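Undergrad: For reference, the structure I am asking about is given below.
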Amino acid sequence: MLNKHPVFPGINGPLLTIVMDGIGIGSGSALEGNAVRKAWTPTLDFLLTHSPHTLLKAHGLAVGMPSDDDMGNSEVGHNAMGAGRIYHQGAALVNEAIQSGGIFRGDAWLRVIRNVREHDSTLHFLGLFSDGNVHAHIDHLKAMIVQARQQDVGRVRVHVLLDGRDVPETSALDYLQPFETFLDEMRGENFDIRIASGGGRMSITMDRYEADWAMVERGWQTHVLGNAPYFDNAVAAVNGLRAQHPGVGDQDLPPFVIADAGEPVGRIEDHDSVVFFNFRGDRAMEISRAFEESEFSAFDRVHVPDIVYAGMLQYDGDLHIPKHFLVDPPAIRNTMSEFLAHTGVAQLAISETQKFGHVTYFWNGNRSGKFDEKLETYIEIPSDLVPFQQRPWMKSAEITDELIVQLQSGRHRFLRVNYANGDMVGHTGNLQAATLAVETVDLALSRILPVIDALQGAAIITADHGNADEMYELNRKTGEPQKNADGSFKPKTSHTLNPVPFILYGNTLNNAVTLADIPAPGLSNIASTTVNLLGYEAPECWDTGLLAFN
Ligand SMILES: O=C(O)[C@H](O)COP(=O)(O)O
Ligand SMILES: [Mn+2]
Ligand SMILES: [Mn+2]
């Protein structure tokens, strides 16, 4: 239960938190590639001149990543907003577990190893193949390979999901070539190791929130059944696929299988072990279910090998997905939703499919269930199934229509919404589309704010991390956009290290609250701010709020 705030009785109407996913504020970076500055955003511009606002740190240590070189992402951003404090996140926890060796002493690892030794079978590693550190890190994969060899595993196969989304757009060979050298060094008479299959992460395996199971089916066909075009090795596959699909970035490259004399080198067979080495859960859940569930209807698996499966982390503790995992996930407790539910505050969470789990599962500390069925309403608007540069408006209008109905219903005291546009379109690397995406979000704001006023409510307008604010790769030293050999700008598909806006909107707040001057504010300060606006004191375990009360 939350206690009443000592001086502030709370706003009269509803409080709405608007997460403009992937809309950060770049400083000094050249205008050319900044879709947030390029976009025509009369509403945001008005807010940034008339409403109390500040910038929040949304990357690195401020969101529980291993270092300040790590960009923010949706998981750690929404975790921080919803939990009110910083937890060491998957990336950091796996590093620690590898350093201490704890990962290799755990039951899941021992089980995986015992199985392949007992049956003289194959150990498979499958996951996102880069150092992006959002879903996975290649160093974790290498550490496990070294350990497997030490433990006398005889045969290892690696299934690589090409990134180009958390790292530069066409960087697959920068990871594959050194990795092949590493495999050459590891390989020996008693240690047979090869890459067996792969493909772009947005083309196979890593769907999320059940937006498009066909992606996972293609991944299953590729990794398990060995059913995709054959190549001699992964470098040849990437080169060959790029030649066949000019202009397609790594994330969208189609699947491939490595074969010798017309036979795939590493189908997943009975008695094998499979480690899915992503630590982040949203895009790991569906493939884990495909490997683990006996009753499964999302697609026809054709053949279901009898294997030992383990995830890097447990991706959903309520649903126990997967059953076995190498590292304990962060124990995120005392979230805002839980406190509000126990205090009797009715809440709404709404977004489109691509970000639905962000405002529910991530926001609630990676829990998929509700704290109180009666008090909480979750609404998912189905996302389009097209490349988002073709529909940069995505489902913002439909979300806004429904959100306005829900606001006016008077049923919810606290509401949260995520607009996916700045992020999902930002990841395409298409500046024109990203500019439209930001304008789309601005248009949504212009529709919502008058409704908030009419209800005597307030809104917090913020973001989880940057993305659309840098659509060209920048030269790290000069800050200038990088160019390709032909003079064109190098598109950037990943998130940024930039801070995000925090805007407090409320025509009826009447100077009752102002922004306090707290040092280095970040996303974890939002939860306390939220409950304060609702008229409650923040729990002591949370980071402080951003408000001063007059
Ligand atoms: O999964 C993705 O799409 C990217 O790796 C990260 O984007 P998100 O953190 O905004 O979801
Ligand atoms: Mn995001
Ligand atoms: Mn993103």
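From the backbone N, Cα and C atoms, a Cβ is placed for every residue, glycine too.
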Undergrad: Out of S67, S74, S409, which does TrEMBL tie to the same Mn(2+) 2 site as D21, D464, H465?
TA: S74
Undergrad: Since TrEMBL lists D423, H427 for Mn(2+) 1, which candidate among H342, H495 does it give for that site as well?
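TA: Given D423, H427 bind Mn(2+) 1 in TrEMBL, the matching entry from H342, H495 is H495.
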Undergrad: Given that TrEMBL assigns R165, D166, R201, R208, R280, G281, D282, R283, K355 to the substrate site, pick the one from H135, H137, H140 that the record assigns to that site as well.
TA: H135
Undergrad: Express the distance between the Cα positions of H135 (substrate binding site) and S74 (Mn(2+) 2 binding site) as a whole number of Å.
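TA: The Cα atom of H135 (substrate binding site) is 11 Å away from the Cα atom of S74 (Mn(2+) 2 binding site).
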Undergrad: Around the Mn(2+) 1 site (D423, H427, H495), what further same-chain residues have their C-beta within 8 angstroms of the site's C-beta centre?
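TA: Neighbours within 8 Å of the Cβ centroid, excluding D423, H427, H495: D21, G22, R165, G422, M424, G426, H465, N467, A468, T493, S494.
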Undergrad: Please compute the mean pLDDT of the model over the domain 'BPG-independent PGAM N-terminal' (94-316).
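TA: Per the prediction, mean pLDDT sits at 98 for the domain 'BPG-independent PGAM N-terminal' (94-316).
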Undergrad: Determine the Cβ neighbour count for D166 (substrate binding site): the number of other Cβ atoms within 10 Å of its Cβ.
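TA: Counting Cβ neighbours of D166 (substrate binding site) within 10 Å gives 21.
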Undergrad: When you measure from the Cβ of D21 (Mn(2+) 2 binding site), which residues in the chain that are at least 6 apart have a Cβ under 8 Å away?
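TA: The answer is S74, K355, H358, N418, Y419, A420, N421, G422, D423, M424, A463, D464, N467.
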Undergrad: Go through H135, R283, H465, H495, the listed binding-site residues, and name the one with the sparsest Cβ surroundings, counting other Cβ atoms within 10 Å.
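TA: So among H135, R283, H465, H495, the binding-site residues given, the one with the fewest Cβ atoms within 10 Å is R283.
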Undergrad: Is any of the binding-site residues D166, R208, G281, R283, H465 within 10 Å of H495 (Mn(2+) 1 binding site) (Cα-Cα), and if so, which, in sequence order?
TA: D166, H465
Undergrad: Can you tell me how far the Cα of H427 (Mn(2+) 1 binding site) sits from the Cα of G281 (substrate binding site), in Å?
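TA: Spelling it out, the Cα of H427 (Mn(2+) 1 binding site) and the Cα of G281 (substrate binding site) are 19 Å apart.
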